[in-house]
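These notes concern the structure reproduced below.
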């Protein structure tokens, strides 16, 4: 039978919320219908002809990838263009495509956390703090008879979540006054009379992305015709999200030895190193994929060593001038490792809620580079 595509999207958005993605990025559903039935899902790093061949052969209904297939503006879909040809094939074979790119890089448990875990880097925090999460304070005034009902309604839609705690509210008692005018239908009191009602103010915190549904849920169960409530923007950073990670190795290690450990952990033949191989390092910065733009940020974070991919000549020279050890472990190599943990995470969520879905880890993902 399978599940609706919308259900799979909800699962993915709980793992890597789209709002975490960079503004220039293209994350989310690229191809597909929300009400289409999905059963078999292929997880890969990048959509290629080989991946599509695998998807067709394995009767896949949906592909979840890291790198966006549709990135630049597309004016037509022609089979003489390699990107457009793949889009054409996916549409023709009715295979949905979903992309989690920079949102997965930034998300807790995403690409950067996976790389840090692979390399035994502990006490991690984001290298570049983003302000993707916007919070609001919601204050609503409720008659005492409906406090529990309204509180549960807003919290069930995501209000009141702070860290590992849910249903976080602050409640104060007071007296509300109002005068029902003509053509009203008051829950309490009579038209033309000023009423005094014992009320409770419920205050809580709401993520911007949840605000509309929280308000709608509140209005649905609140007994008043005209609900008094306040929405106040906050500057609090409840969760610190961002690109890259900074952390520490359990004990100091020489650069040369650490490079051997990286090669072993990532299953690669070589890394490119800028700096003294005999230098002792412990504080490490990482950014999966292409993170040379953050060399200076790693330096300012007092990292002894920074690991990323796609390092150019002048990037290397700049790192050398700063005195920070720079290790280019490869774009593919630092990101591909997220595929298996992502697939396993999806499987656990599917089993937990007993969804009729099957997750398949792609076997045709391939690094385009060869070393001779």
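Yeah, the Cβs are placed from backbone N, Cα and C, and that goes for glycine too.
Curation plays no part in TrEMBL annotations; they are all automatic predictions.
Source: prediction; values computed, not measured.
Among the candidates 105, 113, 278, the one that TrEMBL lists alongside 66, 67, 331, 335 as binding divalent metal cation is 105. Using a 10 Å radius centred on the Cβ of residue 335 (divalent metal cation binding site) and all shown protein chains, the other Cβ atoms total 23. The candidate set comprises the binding-site residues 66, 67, 331. Of these, 66 has the most other Cβ atoms within 10 Å. The Cβ neighbour count for residue 105 (divalent metal cation binding site), using a 10 Å radius over every protein chain in view, is 26.
Under DSSP, residue 67 (divalent metal cation binding site) is assigned to coil, being neither helix nor strand in the three-state scheme.
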